[in-house]
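Some features that Swiss-Prot has for this protein:
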type: BINDING; residues: MET92, TRP93, ASN94, LEU95, SER136, ARG137, GLY138, GLY139; note: FMN binding site
Amino acid sequence: MSKVLYIKANIKNEGESRTFKVSDSFVEEYKKNNPEDEIITLDLYKENIDFLRADDLGKLFGPKDEESKNNSILKYAYQFADADKYIIAAPMWNLSFPAILKAYIDYVSVSGITFKYTAEGPVGLLNNKKAVHIVSRGGGYDNSPYEMGDRYLRTILGFFGIKDIETIAIDNLDVMGVNVEEKVEEGIEKAISLAKKF
């Protein structure tokens, strides 16, 4: 049985968010194919996540023991490390993703939990795990230097040791004349197909 962490980073509501229409379809199909797996949904806008403050540094760099697992910040890092698979649903905002997702990543990027420092340099601790990033974008950004959200996620997840990463991108949603519903449906089809083997 696998533990799946479904990370949602969009201020829009369920029925409004084009990203969530695709990611929720992915999750539903995944459940059908993996009924025994545990799926934990983490809606970042409903969590008590904020930008790190000076007082938080002691918690991040303090001891990593049983007591620290209840720490208001470290609990996210432990939860992230405990998962086997990750579904990250976040739209492109201003060439990246919503700031709350970066704030969350700062919570989970903790030495001794998701990676460690060695004499040879940092080493990821989350090997043999997999992730999918589901993103809706207003324009076409495949292989574009302007696309920094997916590239950053691939880099930071790789830093944690997660190398098996897929992306489902729904592009050109804000281009005049584009059939948005059709684009979203194409994204849902891709999501359903990938969910069957994720």
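The backbone N, Cα and C atoms fix where each Cβ goes, glycine too.
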Open item on the list: Using a 10 Å cut-off on CB atoms, tell me which of the binding-site residues MET92, LEU95 is the least crowded.
Closed with: LEU95
Task: Sequence-distant neighbours of ARG137 (FMN binding site) in its chain (C-beta under 8 A, six or more apart) - done: PRO91, MET92, GLU147, ALA169, ILE170, ASP171, ASN172, LEU173
Task: Residues flanking the FMN site, with Cβ no more than 8 Å from the Cβ centroid of MET92, TRP93, ASN94, LEU95, SER136, ARG137, GLY138, GLY139 and excluding those residues themselves - done: PRO91, VAL135, TYR141, GLY149
Open item on the list: How many Å separate the two farthest-apart Cα atoms among the FMN-binding residues MET92, TRP93, ASN94, LEU95, SER136, ARG137, GLY138, GLY139?
Closed with: 12
- [ ] Check the binding-site residues ASN94, SER136 for other C-beta atoms within 10 angstroms of each C-beta and report the one with the most.
- [x] SER136
Task: Sequence-distant neighbours of GLY139 (FMN binding site) in its chain (C-beta under 8 A, six or more apart) - done: ASP171, ASN172, ASP174, VAL175
Task: Residues that sit under 8 angstroms from TRP93 (FMN binding site) by C-beta distance, when 6+ apart in the chain - done: GLY149
